Structure formats: C-alpha cells, structure tokens
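These features come from TrEMBL:
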DOMAIN    17-148  domain 'Photolyase/cryptochrome alpha/beta'
BINDING   Q314, L315, F316, W317, R318, E319, Y320, F321, D415, A416, D417  FAD binding site
SITE      W345  site 'Electron transfer via tryptophanyl radical'
SITE      W402  site 'Electron transfer via tryptophanyl radical'
SITE      W425  site 'Electron transfer via tryptophanyl radical'
Amino acid sequence: MESTESSSSKGVDKTVSVSILWFRHGLRLHDSPAFIAATSNRDHLFLPLFIFDGESAGTKIVGFNRMRFLIESLEDLNNSFSTKYGGSLTVLRGQPVDLFRKLSQKWKIAKICFEQDCEPIWKERDDGVKEFCKENGIEVVECISHTLYDPAEILSANGGNPPYTYSSFMFVASTLGKPERPLSAPNPETEAGKINFFGMTGDDDDLALCQLHFPMTPEVFGVSKEKAVGENMRKGGETEGIILLEKRLAIEKQAFEQGLMLPNHTNPDFINGASLSPHLRFGCVSVRTFYWAVQDLFSAIVSGNTTCETITGQLFWREYFYVMSVPNPNFDKMKSNPICLNIPWAKDVIAKENLKKWKAGKTGYPFIDASMRQLIEQGWLHHVARNATACFLTRNDLWISWEKGLKHFLKYLLDADWSVCAGNWLWVSSSAFENVLDCTLCICPTRYAQRLDPEAKFIKRFIPELQNYPIPYVFEPWTAPLELQNQWGCMIGKDYPAPIVNHEIVSKRNKAEMVSLQKMLAGGGLNEHPCPSNTNEARNFMWFPEICSHESSP
C-alpha cells in the first residue's frame, strides 16, 4: 500500500490543520472513539502520537518485561497504521506540554484527541495539556473507552461520593444502564488513502532530537534485563490481544456449555494461563469489546437475551477500584488515605530482611516462592497466586506493609494498573474493603498449594531445587528426613531455604494483633470504611476454597 504521509512537516506550515491522536493507554485501533474523532475531518492531517514522558503507561517504575510489552504494543500499532492505512505512529520523548508547544509553533494544531485516563495520578499531566490547548485555541476531545462507565457519572449518581461497597457500586452502575457497545475502527478497505497522515521528518530540527524510531528496546530507556527474566511468554500489542481474546472466548464457550461460570477459578492454569489482563491494562484490547463478547456468548448459549454480571465480575471489580481512586490521590498510600486503616506494620531489621526474601522467592514456602519467581521471570501471576503472596507478606505471616508489596508488583506485573493493584493490596491486607480488621480466614501457603497445584507442576517449574522432591514433601520440604533431602539433591537450609517464619505461630500472633487493634478502634469514630456487602463477596474476591484456608484464632 502506498503511504499517504504528507510532506508538509518540512518547515513551518500554518495553512493545513493537524489533528493529533495522543496515545497513552488505549493502544489499539478497534473501539477507539479517540481514533474516530481524530480522523473525522478529512481536511485535517492526522498525527498518531505516543510520548515517553517517564510516567505515562506506567513507565515511572517499570521492569524489563513490562517495558518490552509496551514497546511491542507500540510496534504493533505502528505496523497496523502502516499495513491498514498507509501511515505510521510517531514516538517522541519529552514532556507533553513542551512537545505540543513545539508542534504548534511550526504547524496548525487544530485538535488533540485522547482516551481518558481517569486515575488521579494523571490529572496534573492532562490538566496541563488542557490548559495549554485552551490558551492556544486547540480543541480537546477526551473519550471514555478505558473503562465500562465514566467514573464521574458513577460518582455523580451516588451523590458525589464513591460507593463504599461493591454491591452498592453495582446498583449505582445499573441505574446508568448497560455499558456502551464497542465501536468499529475505520474500515481499511474504504478509508485507506482517505486518512492523510502527518509525517515528521529529520528536517524538524529540535523536534527530531525528541523523536524515537522503531525498532527500540527497553535498554533505550535505561531499563536493563533482570537475570531471572525468561523467554517472552506474553507479547504485547492489539494483534496478539485479539488472538488471546479468541482463545479466551473458546474457553468460556466450553465452560458455559458445561454449566461453569468462572473457568479460570475452577481450573486455574498458573503457568500458561491465557490471560488478557496485560492487554486490557495497556488498552490493546478494549474492555467493552471483552465484556460484550463474553456476555453475547453467554446469552447465545445459556440464557437467551439476558446478561449475567457474575461472568464478568473481575471487570466490575476493576471498574470499582477505578471509581474508588478517582477522588483519592493517595489511594496507593497509607498516609492521608481516608479509607486506609493505619496498621502498625513491622519496620525492623528482620522485616527488611524478610521483605528481600519475599521479593526473591526465598521464603521457604514453595508455592509463595514459585509465585514470586514467576513474577520476575514472566511478569504475570494468576489472581489466586497474587492473593496468596500478598496475604503472606501482610496480615498472614510477615506483617509487612502492603505499600512495599504494591511497589514491587507495580514494577514487575505486566498488568499493574495503579488503582486496581492498590485496591487489591488494600483489601488483601485488611487495610480497606474488608470488614474492619476482620481477617479470620487465613490462607495457609501449604494447603493452598496442595489444593491448587496438586501435582506440584507449578512449584517444580519455578523452583528447580525441589525437582526431585515427591508429593507430599514438595509442599513442605523442611519436613523431609535429612537422608531423603540428601538423596533428592536438595538440603533444606542450604540448597533451598528453610521457612523464614512458622506459619501456624505467626498467623495466630497476627490475628491477635488485629483483634487488639479492633478493640482500640471500637467507638473511636472511624471514617466510613469500604467493606464487603457479605461474606460470600469477600470469599469470591479472594477465592478461598474451604480446604485452602483456616480459622486463625488468637
């Protein structure tokens, strides 16, 4: 296909208007109202643009896997523009307002379109761009497509405040109707050649110094490959995301036909799970596309013309945490966070050493360690593994602040959304979204492993030290007699660590600490505290099979 890129980017040209599609999240062409808005006036040149500003798309704290995923997603976008519409994606490095100012000094920027980033951490960036556009007569088009609903509408419908329970959130959302259907991208067969791309050239002096070109690697941004990083298991981009969506729908179809609602919970695949979460996080796959694809499939197989919100429950939890974070810029912190209980987590030398061992996957509990090693190697963890590792770090075992775990997950998880990740950590640590300090249900790291990884395939995949350990010793290797440890080639305490804490002892101690805090807070005028609507809601969120948990009595 011949390129339709314009040569008008050479020199100063204020005669032709330019519409910019500013990518941040939403790295796709399907269901992109911002793309449609930016190409609606065919008299305008079209400039699709991504800006590396050191923060957007989660690049402030980022590991190798996630930076690679982002770059792959941008490369896929560039290829799609090239093969479908005859243009390309421009990538710049710098601060958005500075770059838009430079662009507007040379060309007539008429419109800047982008998908809304609703989280408060992006407010200063976006407010700055909006103010610049207002001062310079540039139209701003902000589109809602990263979430199922506009969080502002949820807040407004709830009297200006976030719903403090998931059930109340679902009720408020229901008053707004079903989520909007996804939009189709401009048809390449009919629109190719009609979209006139604005192509920057090397003649653009100081702007050229800010421009980055494909191919690029994480090292370009100072992000080095961690030693434990393995082969690329989850490739970024819309193209790969759509393939995964089709695979996921095939799994859902089979489950619906068997009368199952949550196949990922019924038979969790810890190693090769066909997870869409990274592609949803970067917007390579539209959340509305995923939601309606699953709902339509369910309606066709199970219930005619109705929908069932249970089957897309995780999408609504995502939505709920977004809404909760919008009015709370300290959602990811204990300090100045009105919904967070300030639990006195351990900060001593032992806690610091235990945090290092938790991060390195050297706690002595195989399921926990396998999960932490997978996080670094692949950048992904199954939902139930995240809950187990988070519980272990915080209220169950190590009594270390959820803030420490959140920072680690934000760096290495491919799908680490600021608000969703923080919301999960707040809940699992009993700091918020749980009945005040009520954590009688405690994840046992060994029973959890026995129930969810009965053949120890997951453990042995990520902890090769235990490769020769048979069941049941592989779940509690420290219980194996020394002669057998020697026979199996892994001495506990030497080749693989002994448990850094005794779960049975510390879980009871931590529960007693929670009970003590409960008594101190009783009648103390707590702020309104978000919590589950009922026991089943908490159990379903945490995914607590009965055999995996135990009552932790003081």
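Heads up, the Cβ atoms here are built off N, Cα and C, so glycines get one too.
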Rounded to a whole angstrom, what is the largest C-alpha distance between any two of the residues Q314, L315, F316, W317, R318, E319, Y320, F321, D415, A416, D417 that the record assigns to FAD?
-> 17
Cβ density check for Q314 (FAD binding site), other Cβ within 10 Å (all protein chains) comes to 16
Between W345 (site 'Electron transfer via tryptophanyl radical') and Q314 (FAD binding site): CA-CA distance (Å) = 29
The DSSP breakdown of the domain 'Photolyase/cryptochrome alpha/beta' (17-148) into helix, strand and coil residues is 58 helix, 33 strand, 41 coil
If you measure from the Cα of F316 (FAD binding site), which of the recorded sites W345, W402, W425 is the nearest?
-> W425
Is D415 (FAD binding site) helix, strand or coil when read with DSSP?
-> coil
Binding-site residues R318, D415, D417 vs W345 (site 'Electron transfer via tryptophanyl radical'), shortest C-alpha separation belongs to D417
Using C-alpha atoms, which one of the binding-site residues R318, Y320, D415, D417 comes nearest to W402 (site 'Electron transfer via tryptophanyl radical')?
-> D417
Chain-internal residues, separated by at least six, CB under 8 A from Y320 (FAD binding site) | P163, Y166, F169, G423
Tell me, by DSSP, whether W345 (site 'Electron transfer via tryptophanyl radical') is helix, strand or coil?
-> coil
C-beta crowding around F316 (FAD binding site), within 10 angstroms | 19
Of W345, W402, W425, the recorded sites given in the record, which has the fewest other CB atoms within 10 A of its CB?
-> W345
Long-range Cβ environment of R318 (FAD binding site), under 8 Å and at least 6 residues apart | T147, L280, V287, D417, V420
Work out how many Å separate D415 (FAD binding site) and W425 (site 'Electron transfer via tryptophanyl radical') at their Cα atoms, rounded off.
-> 14
